[in-house]
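Over in Swiss-Prot, the protein carries these features:
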{"type": "DISULFID", "residues": "100-192", "note": "disulfide bond"}
{"type": "CARBOHYD", "residues": "8", "note": "N-linked glycosylation site"}
{"type": "TOPO_DOM", "residues": "1-28", "note": "topological domain 'Extracellular'"}
{"type": "TOPO_DOM", "residues": "50-57", "note": "topological domain 'Cytoplasmic'"}
{"type": "TOPO_DOM", "residues": "79-102", "note": "topological domain 'Extracellular'"}
{"type": "TOPO_DOM", "residues": "124-136", "note": "topological domain 'Cytoplasmic'"}
{"type": "TOPO_DOM", "residues": "158-199", "note": "topological domain 'Extracellular'"}
{"type": "TOPO_DOM", "residues": "221-240", "note": "topological domain 'Cytoplasmic'"}
{"type": "TOPO_DOM", "residues": "262-274", "note": "topological domain 'Extracellular'"}
{"type": "TOPO_DOM", "residues": "296-314", "note": "topological domain 'Cytoplasmic'"}
{"type": "TRANSMEM", "residues": "29-49", "note": "transmembrane segment"}
{"type": "TRANSMEM", "residues": "58-78", "note": "transmembrane segment"}
{"type": "TRANSMEM", "residues": "103-123", "note": "transmembrane segment"}
{"type": "TRANSMEM", "residues": "137-157", "note": "transmembrane segment"}
{"type": "TRANSMEM", "residues": "200-220", "note": "transmembrane segment"}
{"type": "TRANSMEM", "residues": "241-261", "note": "transmembrane segment"}
{"type": "TRANSMEM", "residues": "275-295", "note": "transmembrane segment"}
């Protein structure tokens with residue numbers, strides 16, 4: 001639709017991303033920093049996926065979900081970071097209509113998947129701590145696969161709202177996107193067609209998913225906390241807390257940023273603040289998650305040592 005003419009107006013076929021800054025020196029500095037972050041993100045998440053796959057002691061539901069979370073983190077970061085790095089070095093930061101749609105769609109898809117997987121992982125911790133005797137029975141391989149497949153289906157359904165909305169937007173005027181990627185809000189501002197209905201639908205679906213998954217997480221940890229407080233063994237409490245700390249940290253970072261970006265009224269913060277928080281959410285958090293889940297996890301550290309030891313003997 002972006003390639004059709006609208007009366008006397010020529011439809012926009014490419015967009016200019018204004019990015020984070022116009023300063024040439026800052027662009028080089030940001031390029032260097034974000035490139036390092038992206039390389040650590042790719043290495044950390046790929047290492048997590050491969051370690052879980054090759055280590056038999058990590059073939060449990062918790063690590064099955066963690067491997068999918070690492071895949072999603074790779075997807076979130078890769079949906080925007082490579083093009084952002086290229087734009088830092090380009091004189092004119094442009095993106096095609098199709099490229100913009102793909103970027104918007106992939107960011108929405110992986111962002112939704114992260115919400116679902118964090119909720120699934122909270123349920124996994126609830127079953128492991130509150131119902132340990134039923135854990136292996138309830139979270140069978142088949143059920144774990146069903147939870148992950150359901151997460152992907154839910155994410156694709158939500159993503160279809162973004163795809164359809166973007167497809168029906170008509171861009172015939174300004175083509176400067178005041179962001180470092182094609183986020184929905186600045187794209188709606190550029191649309192010549194009425195985007196109010198699309199905005200309401202997407203706000204409802206995205207808000208419903210955010211709140212529903214957050215409620216699942218809160219309820220799960222409410223029962224986990226009650227169970228931990230009832231434990232008589234100090235060692236048992238510490239072990240239970242340690243298994244939840246990593247996940248709670250990841251949840252706090254992720255939901256804190258998306259609530260700031262998509263739930264808080266836009267009048268309470270500036271566009272530049274939105275860019276910084278979006279950068280943290282899409283670039284920094286995917287790098288931090290492998291570190292968060294590995295530094296406090298003795299099973300992952302043990303599996304990593306075992307693999308290194310095995311390599312040195314070969």
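Here the Cβ of each residue, glycine as well, is placed from N, Cα and C on the backbone.
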The transmembrane segment (58-78) in contact with the transmembrane segment (200-220), cutoff 8 A, at least 3 CB pairs, sep 6+: no
Candidate with sparsest Cβ neighbourhood (10 Å radius) among 100, 192, the listed disulfide-bonded residues: 192
Same-chain residues at least 6 beyond the ends of the transmembrane segment (29-49) whose Cβ lies under 8 Å from its Cβ atoms: 20-21, 66-67, 70-71, 73-74, 77-78, 81-82, 84-85, 88-89, 283-284, 286-287, 289-291, 293-294, 300
Helix-strand-coil residue split for the topological domain 'Cytoplasmic' (50-57), DSSP-based: 7 helix, 0 strand, 1 coil
Residue numbers, six or more beyond the limits of the topological domain 'Cytoplasmic' (221-240), whose CB comes under 8 Å of its CB atoms: 122, 125-126, 129-130, 248
Intrachain neighbours beyond the transmembrane segment (200-220), with Cβ under 8 angstroms and 6 or more residues off its ends: 112, 115-116, 118-119, 122-123, 125-126, 154, 158, 161-162, 165, 184, 251, 255, 258-259, 262-263
Spatial neighbours of the topological domain 'Cytoplasmic' (124-136) far in sequence, C-beta under 8 Å, 6+ residues away: 61-62, 65, 220-221, 223-224, 227-228, 240, 243-244, 247
PLDDT averaged over the residues of the topological domain 'Cytoplasmic' (124-136): 91
Contacting positions for the topological domain 'Extracellular' (79-102) when only residues 6+ beyond its ends and CB under 8 Å are counted: 2-3, 12-19, 27-28, 30-31, 34-35, 37-38, 41, 110, 163, 166-167, 171, 177, 180-182, 187, 282-283
Criterion met for the transmembrane segment (137-157) and the transmembrane segment (241-261) (at least three Cβ pairs under 8 Å): no
Outside the transmembrane segment (241-261), six or more residues from its ends: residues with CB under 8 Å to it: 111, 114-115, 118, 121-122, 125, 128-129, 210, 214, 217, 221, 224, 228, 269, 274, 277-278, 280-281, 285, 288-289, 292-293, 296-297
Same-chain residue ranges lying at least 6 outside the topological domain 'Extracellular' (158-199) that approach it to Cβ under 8 Å: 1-2, 4, 6, 9-12, 14-20, 79-80, 83-84, 87, 95, 97, 100-101, 103-105, 107-109, 112, 205-206, 209, 266, 271, 274-275, 278-279, 282
